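What TrEMBL says about this one:
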DOMAIN    2-203  domain 'Tubulin/FtsZ GTPase'
BINDING   GLN10, ALA11, GLY12, GLY13, LYS14, GLY107, THR108, GLY109, GLU139, ASN166, ASN184  GTP binding site
REGION    335-360  region 'Disordered'
Amino acid sequence: MKVALIGVGQAGGKVTERLARFDADMGFGAVRGALAVNSAKPDLQSLQVVDTQLIGADRVNGHGVGGDNELGTEIMQSDIQQVLGSLDGRVTSSAEGIFVVAGLGGGTGSGGAPVLVHHLQQVYDVPVYALGVLPGRNEGALYQANAGRSLKTIVREADATLLIDNDAWHEQGESVEGAFETINEKIARRVGLLFASGEAVEGVGESVVDSSEVINTLRSGGIATLGYASEIASDDSAENIRTAMTVSRQALLTGTSLPDATTADSALLVIAGDPEKIPRKGVEKSRRWLEDETGSMQVRGGDFPLESDRLGALVLLGGAERSARIQEFMERAREAKREQEREETDHVEQFSDDRLENLF
Ligand SMILES: Nc1nc2c(ncn2[C@@H]2O[C@H](COP(=O)(O)OP(=O)(O)OP(=O)(O)O)[C@@H](O)[C@H]2O)c(=O)[nH]1
C-alpha cells in the first residue's frame with residue numbers, strides 16, 4: 001500500500017522517521033512522502049530523513065505546548081494552510097492512503113492530529129488514517145486524559161485509527177520511557193511490513209496479498225490493531241503447517257499492538273516468508289482459526305513473498321473498538337479527567353477554606 005506519512009508532535013515525528021527509514025532500507029518503496037509537523041523546534045531538528053514543518057511559532061516560539069492539547073488544537077487550526085501547503089507534491093497521485101501519526105497523550109500531536117485529519121479529509125480523495133500511540137498505564141493522568149479526548153475525536157475524523165498501546169510492544173521490566181526506542185523500532189517493522197504488503201513483490205501469484213486487501217480491511221472504520229509474530233521456518237513447507245498456526249495465534253494473542261483486542265468486524269492475515277516455505281494448508285487453517293477467534297465473517301488473507309529464513313504472520317483487525325481494552329482505557333481517561341477537575345477545584349477552594357484566616 002503506497003502511503004504518505006505525516007507525523008505530528010514528538011512521538012509522531014520519531015515514528016514517522018523510523019517508518020520512512022525502514023521502508024527505504026528494505027527497498028519497499030511503499031512510503032511515498034513523509035513530513036513531520038511540530039511546535040517544538042528541537043524535536044524537528046533531531047529528525048534526519050523526513051521533511052519538517054514548524055507550527056505555532058507566533059504562540060509558543062518553537063518550545064512546544066507542554067502537554068496542553070487544547071493549545072495543540074488551536075495551533076494546528078491557525079497554521080493548517082501552511083501544513084497543507086507543505087504537503088503539496090508529497091501526497092502525490094501515487095499515494096493510496098495518508099497516515100497521520102501521533103502520540104495521543106501529549107500536546108501538539110494529541111491536539112493537532114485530529115484537526116489535521118479533518119482538513120486532509122476535505123482535500124484528498126484517498127482514505128485518511130490515523131496511527132495513534134496510547135500512553136502506557138504508568139504514564140501520568142494528564143497523558144491519559146489527553147489521549148482519551150484525542151482518541152475520541154480522531155476516531156470520529158479518520159477513516160480508521162490504528163492504535164499502538166505503549167504497554168504492548170516493549171520488553172518486560174523496561175520502563176516505558178527507556179523502551180521508546182524498542183517500541184518505535186517494532187512499530188516501524190510491523191507497520192512498515194503492512195504498508196509493503198502488495199508492494200515490491202516479485203513473481204506475483206494468486207495468493208499474494210494486494211494492497212486493496214489492507215484498504216478493505218480498514219474500511220470497517222473505528223479502531224484497528226496490528227499483530228505480528230515470526231518463527232524460523234523449515235525448508236519443507238509441509239513441516240511449516242504448525243509454524244503458520246503458531247505464528248498466527250501469537251500475532252493475535254500476544255504480539256498485538258492493543259493487547260486483548262480480539263473481537264473485530266474484519267481481519268487480514270498476511271503470511272510473510274519465502275514462497276517455497278509457505279504451507280497452503282497451514283495458511284487456510286490459520287485463516288479459519290482467525291475467523292472463529294475474531295467472530296468476523298470478513299477475514300481476508302494473502303502471502304507476502306520475502307527472502308527470509310523465518311515465517312511471519314501479520315494480523316490486521318478492523319473495527320476492534322468493542323474490545324475490553326478500549327473500554328478499560330476510556331475509563332482510565334475519564335477517571336484522569338475527573339481527577340484533574342477535582343484537583344482544579346481543590347486548588348481554588350484551598351483559598352476559600354476558612355480554617356486559615358485572611359490577614360485582613
Ligand atoms: N511509542 C512512543 N511513544 C512516545 C515517544 N515519545 C513520546 N511518546 C508518547 O507520546 C505521548 C507524548 O506525546 P509527545 O509526542 O511527546 O508530545 P507532543 O505531541 O510533542 O506535545 P508537546 O511536547 O506537549 O508539545 C506520551 O504518551 C508518550 O509516552 C516515542 O518515541 N515512542
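Glycine is treated like the rest: Cβ placed from N, Cα and C.
Projection of TrEMBL feature records onto the structure.
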residue: GLN10; record: GTP binding site; DSSP class: helix
residue: THR108; record: GTP binding site; DSSP class: helix
residue: GLU139; record: GTP binding site; DSSP class: coil
residue: ASN184; record: GTP binding site; DSSP class: helix
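When the Cα positions of GLN10, ALA11, GLY12, GLY13, LYS14, GLY107, THR108, GLY109, GLU139, ASN166, ASN184 are compared pair by pair, the longest gap among these GTP-binding residues is 20 Å. Just so you know, the Cβ of LYS14 (GTP binding site) picks up 25 other Cβ atoms within 10 Å once every protein chain is counted. When the binding-site residues GLN10, THR108, ASN184 are scored by other C-beta atoms within 10 Å, THR108 scores highest. If you take every residue in the domain 'Tubulin/FtsZ GTPase' (2-203) and average the pLDDT, you get 93. A simple Cβ count within 10 Å picks out one of the binding-site residues GLY12, GLU139 as the most packed, and that one is GLY12.
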